[in-house]
Amino acid sequence: MGLDGLAAYLDAYLENIVREGKSEHTVAAYRRDLQELLALLEEMPSANPSNCTRGDFVQALRRLSGRGLGERTLARKLSSWRQYCVWLVKRGLMHADPTADIKPPKQPERVPKALPQEWLNRMLDLPVDGGDPLAVRDHALFELMYGSGLRVSEIHGLNADDVYLDEAWVHVIGKGRKQRQVPLVGKSVEALKNYLPLRQTASDGKALFTGRNGTRLSQRQIQKRLAQWAAQNGDGRHVSPHMMRHSYAGHLLQASRDIRAVQELLGHSSLSTTQIYTKLDFDHIARLYDEAHPRAKRQDE
């Protein structure tokens, strides 16, 4: 298949992955990667313009590498190209996948950053102004981040009826529209019970976390509120939703030693994604948890 063919089926491919449940961000990333590929192939002289070969894709990857792109970025772009080619082959539109044996750049293993257990407990146990609905909301939001390890996109998408306080669990729609049930620790249940009576009614009638005007908090707003909270009350360290999730995963894995259970709780489709947390080494942890999560303990214990 040549450049014209690759361009002709691009929209159909993107429509297909939308139907498969890929998020808007994922679809947009695929679109950028594939449009960039088409532009690279168009720039390059080819011995056979009607048939893009393995060498053409290798050359495109080298050009991106020459622009200073990192190994992880290059590997992601190659993955986008490969998934498109596989889709074309499965539908009989391409004879063979020209990217099949192209090796992605070797990626350095990177251990996720996590926060010390004692620091998180101290921060989350700070007094909350019960007369300030936004402070109560934020406290519930942060307890949920660490207590259940949700992605910022998952917290953003939560509806009020996704939370079952009596049963202490939350219904989560994760990547690829995959659904899972995640337990709520005692501190999260307590914080949500304090927040729900003060919650600004959602303009869509559904959103769990809303702003003053009732609109659903955006992912960016959630990130900003967390960063501001940490800056105002902490020791100046940067805190992100990813770090809260990594802390949840690492602390829980160290306490439970059950990597399969942690995989399910995090919503990882592959165990290899979860295994990176086995390499976390927290200097600030003096002992393992008495329970699977420290926030599960009630105040009177």
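Every residue, even glycine, has its Cβ placed from backbone N, Cα and C.
Note that the coordinates shown come from a computational prediction; the quantities given were computed from them, not determined experimentally.
What Swiss-Prot annotates here:
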| type | residues | note |
| --- | --- | --- |
| ACT_SITE | Arg151 | active site |
| ACT_SITE | Lys175 | active site |
| ACT_SITE | His242 | active site |
| ACT_SITE | Arg245 | active site |
| ACT_SITE | His268 | active site |
| ACT_SITE | Tyr277 | active site, O-(3'-phospho-DNA)-tyrosine intermediate |
| DOMAIN | 1-89 | domain 'Core-binding (CB)' |
| DOMAIN | 110-290 | domain 'Tyr recombinase' |
For Arg245 (active site), the number of neighbouring Cβ atoms whose distance to its own Cβ is within 10 Å equals 22
Where does Arg245 (active site) sit by DSSP, helix, strand or coil? helix
Can you grab the distance from Lys175 (active site) over to Arg151 (active site)? Cα atoms, rounded to a whole Å. 9
In three-state DSSP terms, Arg151 (active site) is classed as coil
Neighbour-count leader, CB within 10 A, active-site residues: Arg151, Lys175, His242: Arg151
Quick one: average pLDDT across the domain 'Core-binding (CB)' (1-89), no decimals. 89
